[in-house]
Amino acid sequence: MYSKVFLKPHCEPEQPAALPLFQPQLVQGGRPDGYWVEAFPFRSDSSKCPNIIGYGLGTYDMKSDIQMLVNPYATTNNQSSSWTPVPLAKLDFPVAMHYADITKNGFNDVIITDQYGSSMDDIWAYGGRVSWLENPGELRDNWTMRTIGHSPGMHRLKAGHFTRTDRVQVVAVPIVVASSDLTTPADVIIFTAPDDPRSEQLWQRDVVGTRHLVHEVAIVPAAETDGEMRFDQIILAGRDGVDCLWYDGARWQRHLVGTGLPEERGDPYWGAGSAAVGRVGDDYAGYICSAEAFHGNTVSVYTKPAGSPTGIVRAEWTRHVLDVFGPLNGKHTGSIHQVVCADIDGDGEDEFLVAMMGADPPDFQRTGVWCYKLVDRTNMKFSKTKVSSVSAGRIATANFHSQGSEVDIATISYSVPGYFESPNPSINVFLSTGILAERLDEEVMLRVVRAGSTRFKTEMEFLDVAGKKLTLVVLPPFARLDVERNVSGVKVMAGTVCWADENGKHERVPATRPFGCESMIVSADYLESGEEGAILVLYKPSSTSGRPPFRSMDELVAHNLFPAYVPDSVRAMKFPWVRCADRPWAHGRFKDLDFFNLIGFHVNFADDSAAVLAHVQLWTAGIGVSAGFHNHVEASFCEIHACIANGTGRGGMRWATVPDANFNPDSPNLEDTELIVVPDMHEHGPLWRTRPDGHPLLRMNDTIDYPWHAWLAGAGNPSPQAFDVWVAFEFPGFETFSTPPPPRVLEPGRYAIRFGDPHQTASLALQKNDATDGTPVLALLDLDGGPSPQAWNISHVPGTDMYEIAHAKTGSLVCARWPPVKNQRVAGTHSPAAMGLTSRWAVTKNTKGQITFRLPEAPDHGPLFLSVSAIRHQQEADAIPVIVQGDSIELSAWSLVPAN
């Protein structure tokens with residue numbers, strides 16, 4: 001019945017990493033065609049915020065325009081989201097490209113193949129040129145082009161170090177050697193740069209093998225093999241399946257991973273069409289994903305048995321089909337063009353992305369990008385999530401928009417005349433983020449990830465007002481946020497943060513103690529989130545929006561700070577202060593008063609629940625102005641005010657101390673109220689009525705029970721004026737601290753929990769150590785030769801005076817049904833809120849030093865304590881069911897013994 005702002009039960013083990021959100025952005029629309037996209041770091045010493053190179057194959061009538069799209073996020077304080085095209089060359093039927101610093105001058109050069117022909121049935125007999133375009137070190141067009149070599153049908157290439165590390169090498173593989181010839185094997189070629197790559201000579205050419213219908217070449221750099229390999233490994237995907245080539249210092253070696261899709265009569269395509277290597281934990285080759293076959297419809301993954309050696313070449317691989325996307329067409333092709341591995345969610349294990357060209361007729365399943373995530377390492381099970389529904393012929397991964405570790409995704413529509421032409425070909429990026437912004441009329445919807453399941457920090461500035469830049473921040477568990485000491489402030493919306501200074505440790509949660517007041521200023525250079533992560537508003541100093549005191553509304557102009565990568569509709573918004581008398585809800589009140597409102601920001605979770613975290617809006621009032629007494633009888637939320645500027649230093653919240661019926665909000669008697677002054681950069685605690693354990697009281701209409709209350713600016717002569725400015729955070733109902741504060745009788749830690757006296761012969765246990773939700777919690781009798789007592793982590797729930805009890809091995813929480821039922825049996829679960837349970841326990845100590853665990857107080861129920869049943873467990877003679885019972889039962893005390 002009562003929602004909470006904490007993101008997960010406090011002592012539940014760290015949640016698995018969830019995929020981030022993706023902010024789509026058009027890089028280039030209106031293209032004539034589309035085939036290749038590549039993330040291109042302009043300099044060789046940095047891969048952050050790379051440019052993008054994209055192009056199509058072109059036609060006989062129109063050469064392909066090779067363009068570098070300059071990343072607008074590569075420079076700080078850039079206000080544009082436009083990717084400026086720089087033409088590098090015009091080529092005939094270019095296919096693949098890669099890059100390397102060939103000249104060793106610190107700038108990456110482009111390596112590209114062209115003169116392919118219009119299709120596999122039209123291979124240029126004297127084509128298949130491999131060239132490099134020299135980077136001039138500045139954003140200049142028409143880069144100097146030099147030839148590396150030739151081989152008809154040249155289709156894929158990668159730069160690396162395959163037999164030596166002192167110069168750039170290129171592995172290049174044709175797909176076929178002649179028009180319509182699907183049977184003759186093509187050479188696998190290594191080109192090695194000469195001493196002077198700017199000379200006109202061709203590069204040294206070595207043939208290291210032959211393969212059939214190779215559609216994809218990938219490399220595993222030696223630097224990523226944890227010292228296992230001296231040189232880069234080459235992954236080939238073609239009719240022969242998926243295999244690995246590498247040079248061992250003496251000779252070339254081959255390891256066949258798998259043969260891929262089996263051959264079928266009448267189908268010219270079998271084997272594989274694309275492959276990529278995925279890291280799992282400490283193994284750089286935990287799995288190998290594959291698209292099958294040439295332009296196929298099958299997604300497969302190769303796995304190796306548990307305990308196998310790390311890497312590719314010392315393991316035996318087994319193929320598993322994950323998905324088949326629709327039937328093949330009459331030409332035996334489907335919609336899959338590429339697979340790519342990258343750590344999309346930041347958990348240290350790679351996901352893999354599947355590029356889907358599209359279908360005719362259009363098909364949601366076969367268009368865009370799918371992301372496969374490993375969810376069960378033991379059984380190598382994957383989940384599947386749609387990232388984009390825009391045609392994707394190729395995928396490039398990089399961090400395109402920040403200096404962090406997030407992985408963004410770039411795609412280009414597949415549009416090849418005479419084969420498959422997607423409508424409206426375009427290049428797009430999908431920027432990894434924890435926050436998405438969307439315009440809602442005059443307000444903004446900010447959708448955020450669950451902090452406990454993200455591995456990336458996200459900061460989004462959104463408003464500059466009253467001398468502060470307001471920034472929404474999502475912090476993963478145990479994450480650090482650098483701030484400006486004694487200047488920056490934080491208002492926590494979910495989770496916990498803490499910092500330390502010379503006075504000790506300071507913790508902030510969504511609400512301080514009821515009717516209290518607390519500073520938001522951080523007295524340290526950084527703060528850290530707790531194990532559940534945190535979502536907060538960071539107040540940073542601003543030189544744009546003035547400094548208090550604010551003498552007129554002209555000094556309180558609010559500035560839109562949304563970053564360039566959010567939708568233009570959000571960036572174009574104005575956030576005016578509106579006189580409250582002009583708001584439709586004023587109904588004639590506040591006439592001629594210096595009382596203004598600025599709306600507003602909805603913060604919701606970006607999952608299927610779409611649960612509300614808070615609504616945020618700003619208010620300002622001049623000297624002597626009352627914001628009007630009210631009690632939220634028509635809306636249910638818990639409101640916290642965070643003051644940016646207190647004009648007189650005397651403004652704050654007043655609330656009625658008499659029964660509601662005895663208070664006249666239109667003509668208030670201030671002697672019937674109490675005041676809490678809320679100074680600059682302070683927030684007040686809950687003003688709503690709560691039960692003793694911190695749950696909000698509800699009225700008959702399910703609204704939060706508030707006394708009459710109002711913000712009253714300090715009294716005085718408004719000449720000169722001095723405005724109060726505060727931010728209202730309107731939360732759904734949540735639990736807070738107990739009233740009055742109980743004594744702290746228990747130190748969080750790991751314990752064996754024994755029933756009654758510590759020498760008693762029964763201890764708290766989860767049946768069979770079973771992590772399944774709903775597993776009974778028992779009191780196990782100690783028997784000779786039996787197992788040791790199970791260990792439990794007892795943890796204080798931040799922002800409350802309650803505790804949780806989590807099984808040390810499984811993470812299951814000791815839970816009871818909510819609303820509570822007397823004599824109910826207690827069970828272990830990981831998701832109490834979703835199952836109508838509570839995991840909260842109040843803790844007291846009796847005169848013998850024994851502990852009692854009590855459920856939170858609830859309407860129509862007396863105290864209910866964690867206890868044991870008088871009836872033995874039916875299936876286990878040595879077990880007693882654990883239940884909740886009333887306070888008339890003597891058997892409700894427990895003893896705690898520290899455990900390892």
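Glycine is no exception: its Cβ is also placed from the backbone N, Cα and C atoms.
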Item to complete: Kindly point out which candidate in Ala627, Ala656 is recorded by Swiss-Prot as part of the ascopyrone M 2 site with Glu639, His641, Trp726.
Response: Ala627
Fill in: Matching residue for the ascopyrone M 1 site, where Swiss-Prot names Tyr35, Tyr116, Met120, His155, His215, His295, Tyr414, Tyr419 - out of His255, His320, His337, His506
His337
Worksheet item: Taking His587, His695, His709 as the options, which does Swiss-Prot list with His630, His632, Glu639 at the Zn(2+) 3 site?
Response: His709
Fill in: Site diameter for ascopyrone M 2, Å, by largest Cα distance between Ala627, Glu639, His641, Trp726
14
Discussion item. Neighbour count, 10 Å Cβ-Cβ cut-off, for Ala627 (ascopyrone M 2 binding site): what number do you get?
Written reply: 25
Worksheet item: Within 10 Å of the Cβ of Asp347 (Zn(2+) 2 binding site), how many other Cβ atoms can be counted across all chains shown?
Response: 18
Fill in: Model confidence over the region 'Isomerase domain' (434-739), averaged pLDDT
96
Discussion item. Of Thr103, His215, Asp345, Asp347, His630, which is closest to His155 (active site, proton acceptor) if I measure between C-alpha atoms? They're all binding-site residues.
Written reply: His215
Discussion item. Which one is it, among the binding-site residues Met120, His337, His630, His632, that lies nearest to Asp101 (Mg(2+) binding site) by Cα separation?
Written reply: His337
Discussion item. Measuring Cα to Cα, how far is Asp347 (Zn(2+) 2 binding site) from His337 (ascopyrone M 1 binding site) in Å?
Written reply: 27
Worksheet item: Quick one: what's DSSP say for Trp726 (ascopyrone M 2 binding site), helix, strand or coil?
Response: strand
Practice prompt. Please compare the binding-site residues Phe107, Tyr419, Trp726 by how many other CB atoms fall within 10 Å of each one's CB, and tell me which has the fewest.
Written response: Tyr419
Worksheet item: Between Thr103 (Mg(2+) binding site) and His630 (1,5-anhydro-D-fructose binding site), how far is it from one CA atom to the other, in Å?
Response: 72
